[in-house]
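Please read the structure below before turning to the comments.
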Amino acid sequence: MKITISKALPDFETLVVGFFEGDKLITNVLQDKQAIDNIKKFSDFNGGFGEFFSVTSSEGKNIIVAGLGMRDEWDESKGLNIGGKIYCELSRLRIKRAAISIEGNAANVAYGAFLRSFKFDKYKTKKDEKVTEVEEITVLTKDEQFSSAEKSFERLRQEGEGIFLARTLTIEPPNVLYPESYADYIKTELTKLGLEIEVLGKKQMEEKKMGALLGVAQGSSKEPKLVVIKWNGAFKEQKPVAFVGKGITFDTGGVSLKPSRGMESMKYDMAGSATVVGVMRTLAGRKAKVNAVGVVALAENAVDGNAQRPSDVVTSMSGQTIEVLNTDAEGRLILADALWYTQDRFAPKFMIDLATLTGAIVVALGNNEYAGLFSNNDELANHLIDVGNEVNEKLWRFPMNETYNKIIDSPIADVQNIAPAGSGGDSIMAAQFLQRFVNDTCWAHLDIAGTAWHEKGTDISPRGAVGFGVRLLNKLVEKYYEINN
């Protein structure tokens, strides 16, 4: 879909205008008394946020009035959401081309429509003839705001492309997206944008003694991969920021087999890695003035005669031994080696890992509202909470301390990958496990198990993969860590 910012009203049959609740007049470009009088006749439309009303102007133009809610509650988030709602309304009405005139930030409205336009239908062999695709949207802005709005939207669009990439990767079926094909895709697509890509295979992992990651993968015919993505947008001497993603391309649970009901959703157990890929694409697309590295650990947790068993002991890259008591607690195992590799090789300014790590985080926070945040650094945690609230990808911080940490001590190894039965606090225990592999590096862990996928969809995301974390981490870099800040 084509979306543009413009100063001039295009020759489209449909115009969308905004109306604040309680206002007396529809302003912007609509100066049609007949249309305004027609709206006033219908008392059930009062401009509530997300309400729509259609009238015909005296010139025969289709006017869609979008309710914007109360004027004093209008903000950037509302602008983004109304853009998404307008896209859905145009799609529902089967309108191909429309202009939008909404008071406020034109770039945000355009971006909301852009984000909601995402579709994944590559495996559909027949087109639904009842669906008319929205082909073109023009968002109007004032002359004096045109240049800044156009630049702002282009910057946002680059972020949107990163979100679309993350969504696409998460939705792909596991027979198409597995460690080798995933690594090839990253290399093919991101190299075009100037990102440097390295792919470590099984042999290199064995040389680096990544026993935790290799142990998870040993039950699958698919060879694991560790992909390193580098963006150099600042001075060579600047320490990079680092993002690490869990990439379990399908999770059967291994020998600790998951129930069959709902197992099909385990294709998105790689959503954390997809976010990392999307963030790195975003930074390159907007030429961010920062050095950044993304590391994604890719494996399939399958079960065969060679699969890892509960009670196995593996040696991680750090040299720490791990007693594997549950093969379905595999995400923390691959992240253990990925985190150690990242902090050991790059000595980053900070590391943030993202993972659909625990079902317990959904029990604690529910679906779709908050992701879990765990960190060894208050400043980084506060920055993440701040930008999460700003872009509406909200985080809730959980406690970590030595009392929790001691619970996962193993009687026969350095650490065990789950706490003893009845300990509770499973999400905290998983984070405490990860912390053992970061030394003193500034680090945060985001458990996105409840926010990576949305069954109903949102104003700016259709049902399915959300791409949660791309906006959050891009804003974090932009606000706090780029060299011009």
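In case you wondered, yes, glycine gets a Cβ from its N, Cα and C as well.
What TrEMBL annotates here:
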| type | residues | note |
| --- | --- | --- |
| ACT_SITE | LYS258 | active site |
| ACT_SITE | ARG332 | active site |
| BINDING | LYS246, ASP251, ASP269, GLU330 | Mn(2+) 2 binding site |
| BINDING | ASP251, ASP328, GLU330 | Mn(2+) 1 binding site |
| DOMAIN | 326-333 | domain 'Cytosol aminopeptidase' |
Whole-number Å value for how far ASP328 (Mn(2+) 1 binding site) lies from ASP251 (Mn(2+) 2 binding site) (Cα to Cα): 8
When you rank LYS246, LYS258, ASP269 by Cα distance to ASP328 (Mn(2+) 1 binding site), which of the recorded positions ends up on top as the closest? LYS258
Can you give me the residues near the recorded Mn(2+) 2 site, meaning same chain, not LYS246, ASP251, ASP269, GLU330 themselves, Cβ no more than 8 Å from the center of the site's Cβ atoms? GLY247, ILE248, MET266, MET270, ALA299, ASN301, GLY331, ILE334, ALA355, THR356
The DSSP breakdown of the domain 'Cytosol aminopeptidase' (326-333) into helix, strand and coil residues is 3 helix, 0 strand, 5 coil
On a simple 10 Å Cβ count over all chains shown, which one of the binding-site residues ASP251, ASP328, GLU330 is most densely packed? GLU330
So which of the recorded positions is most packed in, judged by how many other Cβ atoms lie within 10 Å of its Cβ, out of LYS246, LYS258? LYS246
How big is the Cα-to-Cα gap, in Å, between ARG332 (active site) and ASP269 (Mn(2+) 2 binding site)? 12
Between LYS246 (Mn(2+) 2 binding site) and LYS258 (active site), how far is it from one CA atom to the other, in Å? 18
